[in-house]
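Undergrad: Okay, handing you the structure first.
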Protein chains: 4
Amino acid sequence: MSDFFQGTAPLKYDPEAEGLAFRHYNPDELVQGKRMEDHLRFAVAYWHSFAWPGGDPFGGQTFDRPWWGETMEGARLKAEIAFEMFEILGVPFFCWHDADIRPEGATFDESKRNFDEIIALFEEKMESSKTRLLWGTANLFSHRRFMSGAATNPDPDVFAWSAATVKNCLDATHRLNGENYVLWGGREGYETLLNTDLGQEMDHMGRFLSMVVEYKHKIGFKGQILIEPKPQEPTKHQYDYDVATVYGFLQRFGLEKEVKVNIEQGHAILAGHSFEHELAMARELGILGSIDMNRNDYQSGWDTDQFPNNVPEVALAYYEILKAGGLQKGGTNFDAKLRRQSLDPSDLIAAHAGAMDVCARGLKAAARMLEDGALETARRARYAGWETPEAQAMLTSDLDTIARRVAGGGINPEPRSGQQEKLENIVNRYV
Amino acid sequence: MSDFFQGTAPLKYDPEAEGLAFRHYNPDELVQGKRMEDHLRFAVAYWHSFAWPGGDPFGGQTFDRPWWGETMEGARLKAEIAFEMFEILGVPFFCWHDADIRPEGATFDESKRNFDEIIALFEEKMESSKTRLLWGTANLFSHRRFMSGAATNPDPDVFAWSAATVKNCLDATHRLNGENYVLWGGREGYETLLNTDLGQEMDHMGRFLSMVVEYKHKIGFKGQILIEPKPQEPTKHQYDYDVATVYGFLQRFGLEKEVKVNIEQGHAILAGHSFEHELAMARELGILGSIDMNRNDYQSGWDTDQFPNNVPEVALAYYEILKAGGLQKGGTNFDAKLRRQSLDPSDLIAAHAGAMDVCARGLKAAARMLEDGALETARRARYAGWETPEAQAMLTSDLDTIARRVAGGGINPEPRSGQQEKLENIVNRYV
Amino acid sequence: MSDFFQGTAPLKYDPEAEGLAFRHYNPDELVQGKRMEDHLRFAVAYWHSFAWPGGDPFGGQTFDRPWWGETMEGARLKAEIAFEMFEILGVPFFCWHDADIRPEGATFDESKRNFDEIIALFEEKMESSKTRLLWGTANLFSHRRFMSGAATNPDPDVFAWSAATVKNCLDATHRLNGENYVLWGGREGYETLLNTDLGQEMDHMGRFLSMVVEYKHKIGFKGQILIEPKPQEPTKHQYDYDVATVYGFLQRFGLEKEVKVNIEQGHAILAGHSFEHELAMARELGILGSIDMNRNDYQSGWDTDQFPNNVPEVALAYYEILKAGGLQKGGTNFDAKLRRQSLDPSDLIAAHAGAMDVCARGLKAAARMLEDGALETARRARYAGWETPEAQAMLTSDLDTIARRVAGGGINPEPRSGQQEKLENIVNRYV
Amino acid sequence: MSDFFQGTAPLKYDPEAEGLAFRHYNPDELVQGKRMEDHLRFAVAYWHSFAWPGGDPFGGQTFDRPWWGETMEGARLKAEIAFEMFEILGVPFFCWHDADIRPEGATFDESKRNFDEIIALFEEKMESSKTRLLWGTANLFSHRRFMSGAATNPDPDVFAWSAATVKNCLDATHRLNGENYVLWGGREGYETLLNTDLGQEMDHMGRFLSMVVEYKHKIGFKGQILIEPKPQEPTKHQYDYDVATVYGFLQRFGLEKEVKVNIEQGHAILAGHSFEHELAMARELGILGSIDMNRNDYQSGWDTDQFPNNVPEVALAYYEILKAGGLQKGGTNFDAKLRRQSLDPSDLIAAHAGAMDVCARGLKAAARMLEDGALETARRARYAGWETPEAQAMLTSDLDTIARRVAGGGINPEPRSGQQEKLENIVNRYV
């Protein structure tokens, strides 16, 4: 054991604890007949927790970490400490971007060797750890070669570099039995339409994604391929704007049965949607894959990636997820970073522990709302008129026929209360 | 002639005029070999110009109009004065919602009789007017019966009422030789997910739209069917969020060849997009239909529907339109309303005249930018790498093959300047 | 008793109730040694509850109320039913705008007669009701005469009309023993700078406010004079943008000891602030007067005026209020309106009851956080360095002296963790 | 001469030029009787042009510059090339932050030595250059010691460090005959209220600013002290939110005659205001000092710092400035950075040249609008009613007296058109 976390013992569930413990997250507690751990499927994001230096657009690194510096020695130490944290938190999953686990090499091949060595180290550590891989992904946005995009770069060599990188990352995800592979278009978009060929870029992106799906089948990877919607930042516009946009894109390239979405709260907010909207939309379109749990400040127009802290909001998210039958192969990845003033290793533990409790409370509240049934009963009652044969027949009818029924005073619809406040009161009984 | 406009003579093109005239809009001037009038295809929106009382959420009617009151006499007077304004402005088109041209009746049938009478009056007036119908639409959002939606209402009787209303409006549009028919989902969305069945509502909306398309073909209407995207307001969420969302929706119901979009500047802004983005996206997806020209205050989070007044912005919009081959059956509809303090009839004329000049300047600047060619040359140069056989081959290749090319140091892409500021300077030479 | 609320009995505190009851609001329960009712000082807003018809910018009236119509008979019925609701809810206060309690007359004098008659009716009803007047105000924004402002109108006659109206409203508030008088600048701002004399308008507004203060003292009104900050809507810009802006304005006219602020959650949000920020700022500037409790949708750029429903948010607000010593003469006014689809009288009761419970939970959580003390202990520890004599001396020193201390390596400050996530975890133990 | 700009010759005014030249900016051309150069007083921002590496929150350095690296050799080369660019552009001014001109030392004293050496180099270069210093400032936000603020830091040692740093920067600004000194509260604000003592922080900030003013007088610095308002980013909330907030702050500490504001377009936008609003507000409050000219993307919620490119917007800004009597000691500082894909030295020249032309067009349009007089005539006419003795008397009257005049039907104000669209048309004749 390193002394990074100063001997912090694995956290226990203890609702009455004074000190560090889970007050609400009890992995073995059954919720709707399933263990809480199996519902929530928590994952730690390697990037935010171990590679982000605490910078922002107006200032640089604030965190001091013993593994800083682009060396293999640092990368190995980082991995050691990451697995120590996984054990302290008892999380069943983690997630990585290639660039946060290995130093960048001078060449593609050197980067790959660095990467492969760390993957081998992960493989070794995972033999004795309960923590598995939720997903891997390729960081195709940080290095300057990707400044104009990866799959959508005007330079075909960057497309090639990106394709080769994704191949390696997908291979490694497969090797580590990852349950998903994520594509996150950090720079698949544009800064200005003035220099952009929108049609060509979207075509390249569609073809790139198809190749990934083809390769997944070729190597027998059974995990889900996921796209993570985001509307903007760093670019002015990102092609994977939101769930509905991604769905249209997938249909256009015939991929709507092959690819699902990894939905992030913060990205939903930036796109002008609530998190629960994006989850419900994905569920109804059949592409709900996994979630990136965090919280965006509603009043900051950039991606703040805070740890979730508002139980009522989180409850509404898990409500939509439970209605979808749960997360399946997906999980709850904390795509969240410490505030840059939260310098201490203990902040890292506290932030995750608090977030896990918030999610546990949200899940339990969501389950109770479903069990109570008042919300779903009210919803069904509101649409009950559609269950009559006449109403159903109308859906296979035509405008003429319907118009004849309306003419002559056949109907005169009267509005009925939507009862929003009463439904909100019901929610407040459980959160 | 009424004295509403106090004898204002039809406006003339006179760049040196001191008083009321077009300083830039010259209908007969050729731009890229086509008359300016045929490029811009201006339309007056009946609703905003003649039916909106000047209210806002904190105050009621400010405008005094001699036709106020829900009477047929008022409706006829309104039509008279509308056609007087069309003549003063020399606009080739107008647009209506059923509810702004006729008084609401006590029953469906009475409303229809009122509507048919005004349509007959329009028909008569159009015999001697040069102004034609750009599009008609049904207002399925103002009356309280639509408070929970039209096609997506939980009450099937409202669906029926809406279908019958659209049938009548489409019939009338056909009768008046309208070039398009617009569906605007003013309340096709939700206030709260808590009482909404998202999946069922979208299914009903898809079926409703299919019926409209089927009916169009049945009656032989040759115009375009258009959907007008809008992200929110009055609802918390509208299903026709933006162009990409509508495209996904159309694909899902097999309608992407049948239905196009009517893109409004203000709605683009509310969805987090620039107007030119939405135009370019629609062009690339093959669904650019028509435009609602107005301006949203970027800093007001509601639909401000101002008259356009910023030439550089308008120029970028027409640039995308010219690249799409022009507006075809679509037009430039001023979906714009006077500020509520602009009480005078002369404000109505001035606002349209100023907006027409702004659009004319925008169109001419866009044409000059295309003729100069510097923007398109720079854009092509940026993507030139993709024209090589190797690059093209990569698009039909696979990850393995590409990865082999990258390994061993085969490529090392170097970023190249995107030149955004230089391109903006080029634009500024023409606006 | 009317049958509007169908015999609904006054709500009781019953945490285990199945039906309509308060589950958390227990007026007599002591919180920090004070009755909950005396802490929260709930008020019903006459305007939203009884005069708003359910309209929005895209549709008109949805609510059916037996008192609709601008008649004195309707106004009296409305008052009857309002007091019935006050009794059902057991609220200690209500608030009015003149325009929502009386019909507009054809002349100023007729409006005043109507108003005085209703005030007399209120006086009579208040003899037997426990509900008192939190504040009165003049609606100087709905009628078209105020379209360009009241105190800031370019027309001096509107200034006069407004001054006379405020005099009458302040007289009536005094007569009813109101505890505050509010000035809400619904249109004190501008639509466009192009037609606005910013300096002159602000001068007139300052003078107007001074006259109100002078008159208050003349008649011996002991209540607080309050300004309600709002950044925009209906205008493009409102002069009372936020708490800090109002403070600067008050100082400029020497009124910072005479006037306080009535802070609304929704207006705080529209100004880009959290509610707790505005409360803390007002507290530190010594101008915290009262609150308008509601909730703005963070993602709708207009004033949504929803009933509060998020306990963690409300808890943070009451935390700042408790730190200020409580609401004093102020209160918790529900400046909130039903969603326009919530048509039923029972929605009105449920919305208030739910909101009162949310506030009670927030207050109790805030009190527990203060009692626990962990937050305040951490805050003091963070600033502890300032308690040394050397640090205090620095505040009365000068740049030279301080620079000499820094030169030569005298100090080398090291950052310390701000512990944001740990503090958020503490909050989550109580909400 | 270095070869960084590859021998680019100083730009000339040549409206017909095909290549690089000023098409609109003609330094010697008289506008309202004053040379254009003396109106606009352009300044280059050292930070953005020479120290910013092209990073964003999702990616690092993209620019390659021969002076990269924290060495004195690099700092000297950077200065050489900066003065080469000043000469190419012919700008009369530049601005610096201490941290962008010198490498950070291991100690305070070493940083100061580095700084002093570069200041001496500037002094030397300025002997032969026409470019003078518009303002200097201290960067009290980038280094991790400032992560919790400078003057408002919970640690008094950081306050001391900041005070000593400002002393040095003000000394250097004085030595170089700078015309202003700017304080920019990059981190004077908070991330979370939970760990913040709002009152104490504002008190410290007020005292800090007073010390700066005292020191200015002590050393005989004749320039202006300026505060730069910004609402948020990097912090959740900044104390210098906007012009009105700063004004209230200055009054509270008795500094409103000593300190003015440096207004940035992008910061105005982030605060929910138009640029022209902030300028007009500062003018009316008597604190308009200088401007940071750039452009924020209205749809990106972070500080995009683009070069200005929209002439109509810039014209409205200079219109307010001309009405204030011009920039006086202030200037037009391009606080703008290249887009991170604009890698080439020639992009740096083109961006500034384009921006200078945009400002020149804006200035000339503003002057023409003033000369035409139609806007000011319309504005005066709108307020003409206030020029009567009766109206003026009302401002020294009281509510009683005014109410007596209104009672009995004395007045009945009728709204008059605000003519917004007509005024916008006038603007469009000149931009």
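Counting begins at 1 with the first residue displayed.
Yeah, the Cβs are placed from backbone N, Cα and C, and that goes for glycine too.
Where the annotation comes from TrEMBL, it is an automatic prediction and has not been curated.
Note that the structure is a prediction, hence the values are computed from the model and not measured.
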Undergrad: Figure out which of C:Asp197, C:Asp203, C:Asp242, C:Asp335 sits with C:Glu228, C:Glu264, C:Asp292 in the Mg(2+) 1 site per TrEMBL.
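TA: Candidate in the recorded Mg(2+) 1 site: C:Asp335.
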Undergrad: Just jot down the residues in the same chain as C:Asp100 (active site), at least 6 apart in sequence, with C-beta under 8 A of its C-beta; none if empty.
TA: C:Tyr46, C:Trp47, C:Phe50, C:Ala51, C:Asn139
Undergrad: Among the recorded positions C:His97, C:Glu228, C:Asp335, report those whose Cα falls within 10 Å of that of C:Asp305 (Mg(2+) 2 binding site); none is a fine answer.
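TA: Taking C:His97, C:Glu228, C:Asp335 one by one, the ones whose Cα falls within 10 Å of C:Asp305 (Mg(2+) 2 binding site) are C:Asp335.
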Undergrad: Nearest to C:Glu228 (Mg(2+) 1 binding site) by Cα, among C:His97, C:His267, C:Asp303 (recorded positions)?
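TA: Looking at Cα distances from C:Glu228 (Mg(2+) 1 binding site), the smallest one goes to C:His267.
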Undergrad: May I ask you to pick out the recorded positions among C:His97, C:Asp292, C:Asp303, C:Asp305, C:Asp335 with a CB closer than 8 angstroms to chain B's CB atoms, ordered by sequence, or 'none' if no residue qualifies?
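TA: Correct list, in sequence order: C:Asp303.
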Undergrad: Excluding C:Glu264, C:His267, C:Asp303, C:Asp305, which residues of the same chain place their Cβ within 8 Å of the centroid of the Cβ atoms of the recorded Mg(2+) 2 site?
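TA: These residues sit around the Mg(2+) 2 site: C:Lys230, C:Gln265, C:Gly266, C:Ile269, C:Leu270, C:Asp292, C:Asn294, C:Asn296, C:Thr304, C:Asp335.
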Undergrad: For C:Asp305 (Mg(2+) 2 binding site), what is the tally of other C-beta atoms lying within 10 angstroms of its C-beta?
TA: 24
Undergrad: Pop the Cα-Cα gap between C:His97 (active site) and C:Glu264 (Mg(2+) 1 binding site) into the table, whole Å please.
TA: 16
Undergrad: Specify the count of other C-beta atoms within 10 Å of the C-beta of C:Glu228 (Mg(2+) 1 binding site).
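TA: Within a 10 Å radius of the Cβ of C:Glu228 (Mg(2+) 1 binding site) lie 23 other Cβ atoms.
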Undergrad: Going by DSSP, is C:Glu264 (Mg(2+) 1 binding site) sitting in a helix, a strand, or coil?
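TA: Reduced to three states, the DSSP call for C:Glu264 (Mg(2+) 1 binding site) is strand.
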Undergrad: Can you name every residue in this chain, apart from C:Glu228, C:Glu264, C:Asp292, C:Asp335, with its Cβ inside 8 Å of the center of the Cβ atoms of the recorded Mg(2+) 1 site?
TA: C:Trp184, C:Lys230, C:Asn262, C:Ile263, C:Gln265, C:Gly266, C:His267, C:Ile291, C:Met293, C:Asn294, C:Asn333
Undergrad: Just name the winner among C:His97, C:His267 (the recorded positions) by count of other CB atoms within 10 A of its CB.
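TA: Answer by Cβ density within 10 Å: C:His267.
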Undergrad: What recorded positions in the list C:His97, C:Asp292, C:Asp335 lie within 10 angstroms of C:His267 (Mg(2+) 2 binding site), counting C-alpha atoms?
TA: C:Asp292
Undergrad: Under a three-state reading of DSSP, tell me whether C:Asp303 (Mg(2+) 2 binding site) is helix, strand or coil.
TA: coil
Undergrad: Reduced to three states, what secondary structure does DSSP give C:Asp100 (active site)?
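TA: Where C:Asp100 (active site) sits, the three-state DSSP reduction gives helix.
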Undergrad: Taking the Cβ of C:Asp303 (Mg(2+) 2 binding site) as reference, which residues of that chain separated by at least 6 in sequence fall under 8 Å from it?
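TA: Looking at Cβ-Cβ distances below 8 Å from C:Asp303 (Mg(2+) 2 binding site), excluding near sequence neighbours, one finds C:Lys230, C:Glu233, C:Gly266, C:His267, C:Leu270, C:Asn296.
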